[in-house]
Structures are given as structure tokens and as C-alpha cells.
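Enquirer: Can you keep this structure in mind? I'll have questions shortly.
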Amino acid sequence: MLRLYNTLTKKTEDFKPLNPPIVCFYSCGPTVYDFAHIGHARTFIFADILQRVLEFNGFDVKRVMNITDVGHLTSDSDSGEDKMEKGARREKKSVWEIAKFYTDDFMEMLVKLNIKKPEIICRATDHISSMIRIIELLEKKGFTYKITDGVYFDTSKLSDYGKLTGQPFDKLQKSLKAGARVEVVSGKKHSTDFALWKFSYSGGRSFDSAQDDVAKQRQMEWNSRWGRGFPGWHIECSAMSMEYLSETFDIHTGGVDHIPIHHTNEIAQSEAATGKSFVKYWLHADHLLVEGEKMSKSLGNFYRVYDIEKKGFSPMVLRYLFLTSSYRKSMNFTWESLKGAQTAYKNLQAQIRQLADQITTRTNLSEEKLKKVNKFRQEFTDSINNDLNIPSALAVLWEVVKSNIPPGDKYDLILLFDEVLGLDLNKLKVKSEKSKVSEEIKELVEKREKLRQGKKWDEGDQIRQQIEKSGFTIEDTPEGTKISRR
Ligand code: AMP
Ligand code: ZN
């Protein structure tokens, strides 16, 4: 039975989806105003592993991931600038160009890291009308109030506001006030209240002289019954998840930074709007740090997968590194640890290549070996089902590699495990097989050798062309003829 740690209940629970075998699963996606970094990579590898573990358990996963291309402000207290607009000014491009460029960069990162693409990837800017509909519903139900800055959600109207944090309402008020880096929006009734819709300059909102010019340049804005403006970040995920997965669904993931505000507010507005429970299982990945600080775009202390590659590391090495620690613990990134992962991953690849070359004919497994295979499979399954204990699952993989079960069965088991680990181990066999020189080619090489010894150069050359057409190259060296795959 798959067990997962649920941030909502603070317990590790048996996973029982609402409508088995279907699992409806939403992941908060990136805000596309700058390059994706390896901190994001860690969170999205975690979500990928979760999807793979669900599939390994026979579930039919329907997964949605959004792209935040509007409304995510530089401050969590609703007073900062829209990160997308800021990115556009920085690069002197349109917000739409910025969004496209960094979405493509993010998608490229997913491919490099062998992260499965969620079935549905949706952009916030394509769902503005759904967001407006939810805000209208909240207004009808009396959960909203309008101030000069926008339309806000009144968090005091919900008896269990903040349940994801496990903190009482008054404590949340204080911690938010203390944590606010910029001034709190004036007119907000409680510090936990949050924007559903923000007015833009052309929507009649006034800005102080320092912000005035910037506000006038805003590119993304829409009409609404309250005034021209743009949606708050949290309403985006409520609208898109409910649109594709229904009002109550199984799993929602994100980084731990989303717990106190983004996800807390998603729950509040969704449950207030529908009167139903929003999500059954909330899972959060802890952060990737650099020298003890969260790796982030805003701190500028980030590395991209591209930086890793430039230093000679394959993206799969980074994936391997992330699999060596629990998703619920923060991880400090160092180049030393990446080197360690590289050594381990290369070793694993070498062992599997060797193994692939050893596979000849299959024999029936002895009872003892069959027991071993089953034991390994069970241990692996138990590890991944124990709240995604991937470090332990990796240890089982290594035990298999070192075991004495026959190469063919060993190989099958490794490939089965790799359906969850996603370390691209299945590609090794193909490569290894491809690089083998067939008997037919060997014969041609010998024939050419004889022709050349008899000084029949033209005929020898024809044979060389024939060999090259089959995808091999020939090199005449002092040690003899060398043949290799092109
Ligand atoms: P953002 O682009 O900031 O909206 O972040 C997209 C996702 O990446 C969120 O789930 C964040 O929690 C996660 N994330 C951002 N920075 C890090 C980090 N340093 N380590 C792990 N996850 C991160
Ligand atoms: Zn979200």
C-alpha cells in the first residue's frame, strides 16, 4: 500500500484516491520571468517521481501543471511588482515574449532531466475568465471586499483558514505582519487577507510617484466587473486545477515555500467558493540550498542545468544526486556532491553496459534465484511506497547490481526499477547492442583485409563503402583495422 506524508494532516497516510484507478494530480508550475534553476529541478523531479510511483502502483494518473505568466508579485503580501512585468522591463521585451522564452527554457529542462511532461500544461493567461467566475462566486457568498488596490478575500470569514499551516488565525496574522518585507497594502482588513483581483493603472488604481511610471507600462491587463486589472497569483491555481480536475481532487504538490501563503490561500478561496473540500493529499518538496540559503531567482544565487552541463556533468547526474536524499529534507548543493553523484552514476552505467553484453540465452531461474528476484522487487516497492523513500530504493538497485542473479533477470529488474527512477538506464542496452559489430561486418572486414594484402585496392575500397553504408567506420592503424559505430 502506498503511503504518503500529507502536509494537511501532518501524518503519513495510506493513499486512497477518490476515484480509483484514476488519480487527479495538480503541480504548481514555474513563474516564467527568468531561467529555470536546479532548485526548481529538484521540486519537479520530486513531482515526477510521485507520478512514476503512482503509475508503478497501477494508478491512472491525470496530471496538470500550470505556467504562471501573470500575477505573481515580488512580495507575498500583495504589494510588490508583477514578476513578469519586471522581467519584461529588465529585458526590454514584451511580457508575452518573456513568457514564451522562459517557458521554453523550463520545458527544455524537463526533457534534459527525463521528467515526464504532465498530461495537461496550462497557462494562467488562458484562464482569466475562469478566475473571474470564481471571484464572482466568492463575492456572491460574501467572502470578498473591494479597496482602491483591488478585490480581496476576507480570511476571517472562514473558520478553518490556515489549516495547512497548523497555526491558529491570530498567530498567522502576527507572523505575516512580522514577515512582510514591504509595506502592507492599505485598506486590507487582516494581514492574511489576499488579492483576488488587482487593479492596474488604467483600472483606476493610484500609485506613488516612485511606482507611477512602472505601473503605466503594465502590459498584461483585462477588464472585469470590478475594474481593469489582473488576477492574484493564488486564484490562478484554484481556477486551473478545478477546471481540469474537478472541485475536489486527489493530490496537489509544490515547494514548501507554498505552504503558508499560496497553498493556504488556494484552499481558502476554493473551499469558500464550492463549499467542498479542495484537495485530499498535499505534498511539499523541501528546498535546494546554496551555502545555507534557498536557491532562488530573486537572490541570484542559482545554477541552471546548462551551468551543470558546461562543467561537464550530464543532467542525469543531477537527477541521480537528487534521488540520494529525501524530498522532505532540504539539500545543500555543492559541486563536490555532484562529483560524487557523477562517480556513482558512471559506475552504474558501466555495470549495466557490461551486463547488457553478458545477456545471451535465458535459462530458467533456480528457486533460490527466483526468491532473490522477488525479494528485491518487494524491497524496492516497499521503499518507494514508504513516502517515496528513493534513497532506500537506490540502495536496493545497487544490491541488485552486485547480486549473483543471472544477467538477463538482473537487467530486467533494473529496467523495471528505472521506470520509477527515470535514470535513462534503458538506453544503455540499445547503445551497447548497437555498438556490437555483427558477424557479417567482421567477415567483410576480413575480406577487405585479404584484398588489400593482395593489392586489390579498388575491390577493397568497395567493401569499405559497403561497411560504411551499414553504419560503421573503418580506420587503418599500425595495429590493424579498427572498426567503430558512426
Ligand atoms: P516559482 O518559479 O518561484 O514559482 O517556483 C516554481 C516551483 O519551484 C515552486 O514549487 C517552488 O516551491 C519551487 N522552487 C523554487 N525555488 C526552489 C528551490 N531552491 N528548491 C526547491 N524548489 C524550489
Ligand atoms: Zn500554484
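Any Cβ shown, glycine's included, is placed from N, Cα and C.
Heads up, TrEMBL stuff is auto-annotated, nobody curated it.
Since we're looking at a predicted model, the values are computed, not measured.
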Enquirer: To which of CYS24, CYS28 does TrEMBL also attribute binding of Zn(2+) at the site defined by CYS237, HIS262, GLU266?
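Expert: Between CYS24, CYS28, TrEMBL records just one in the Zn(2+) site with CYS237, HIS262, GLU266, namely CYS28.
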Enquirer: To which of the residue ranges 63-90, 427-454, 455-482 does TrEMBL assign the term coiled coil?
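Expert: In TrEMBL, the coiled coil feature sits at 427-454.
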Enquirer: Name, in the order they occur in the sequence, the residues of the same chain whose CB lies under 8 A from the CB of GLU266 (Zn(2+) binding site) and which sit 6 or more residues away.
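Expert: The answer is HIS234, CYS237, SER238, SER241, HIS252, PHE278.
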Enquirer: So around the Zn(2+) site, CYS28, CYS237, HIS262, GLU266 aside, which residues have their CB within 8 A of the centroid of those CB atoms?
Expert: TRP233, HIS234, GLU236, SER238, HIS252, GLY254, HIS258, HIS263, ASN265
Enquirer: Tell me the coarse DSSP state (helix, strand, coil) of CYS28 (Zn(2+) binding site).
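Expert: For CYS28 (Zn(2+) binding site) - judged by DSSP and reduced to three states - the answer is coil.
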Enquirer: So which residues does the motif ''KMSKS' region' (294-298) touch in its own chain, when a touch means Cβ under 8 Å and the partner is 6 or more beyond its ends?
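Expert: For the motif ''KMSKS' region' (294-298), the sequence-distant neighbours (Cβ-Cβ under 8 Å, at least 6 residues beyond its ends) are 33-35, 37-39, 74, 257, 287-288, 333.
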Enquirer: Are there residues of the same chain, six or more positions away from CYS28 (Zn(2+) binding site), whose CB falls under 8 angstroms from its CB, and which are they?
Expert: MET65, ASN66, THR68, CYS237, HIS252, THR253, GLY254, GLY255, HIS258, HIS262, HIS263
Enquirer: Determine, from DSSP, whether HIS262 (Zn(2+) binding site) sits in helix, strand or coil.
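Expert: SS state of HIS262 (Zn(2+) binding site) = helix.
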